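Participant: Would you mind keeping the following structure in view while I ask a few things?
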Amino acid sequence: MYMLKVENSFDSAHFLAGHPGKCRNIHGHSWRVVVEIESETLADEGEARGMIVDFSQLKADLKQLTDDYDHALLVEDGTLRKSTLEHLIQDGFRVIEVPFRTTAENFARCFYEALTGKGYQMTRVSVFETPANCAVYEGRW
Ligand SMILES: Nc1nc2c(c(=O)[nH]1)N=C([C@H](O)[C@H](O)COP(=O)(O)OP(=O)(O)OP(=O)(O)O)CN2
Ligand SMILES: [Zn+2]
């Protein structure tokens, strides 16, 4: 089995509604996203000969996804009042609502599924909230 591993990061703010500790407050992370893909075979002709896929292609596809979340306030649907959201947006803040609690686990799955949708055969996605905190999603179930 061949495998490739690339990474990118995004810097954003979030909060965990219902968290009993400090994480219920708005705070920021440099989320580091490490993506691993796999293949039994390599391209046998063309520009990608001898590769699963060109690193630059995989990095560009990952960057497109991480850029979507970069320098934003990431909000789980339903955890801020509509009027609060509207005021933030009216005041020029970039707010992105997502249909999941904004944990590292859920972001790992989100990136895994988005890259699967782009045609990659995924092994795993690891999302680091801090250098010491990492969640991993593998789609083996
Ligand atoms: N399983 C998970 N637990 C927590 C997540 C998560 O995504 N998955 N996220 C958080 C918060 O986002 C929090 O910002 C990070 O947690 P924490 O380790 O408490 O933060 P610090 O790195 O600042 O840790 P200190 O030891 O307090 O410095 C919480 N849990
Ligand atoms: Zn956090």
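Yeah, the Cβs are placed from backbone N, Cα and C, and that goes for glycine too.
Curation does not apply to TrEMBL; its annotations are automatic.
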Participant: Same Zn(2+) site as HIS27, HIS29 according to TrEMBL: which of HIS14, HIS71?
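Facilitator: The one candidate that TrEMBL places in that Zn(2+) site: HIS14.
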Participant: Find the one among the recorded positions HIS14, HIS29, HIS71 whose C-alpha lies closest to that of CYS23 (active site, proton acceptor).
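Facilitator: Sorting the recorded positions by distance from CYS23 (active site, proton acceptor), the top entry is HIS14.
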Participant: Whole-number answer please: how many Å between the C-alpha atoms of HIS14 (Zn(2+) binding site) and GLU129 (active site, charge relay system)?
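Facilitator: Answer for this pair: 11 Å between alpha carbons.
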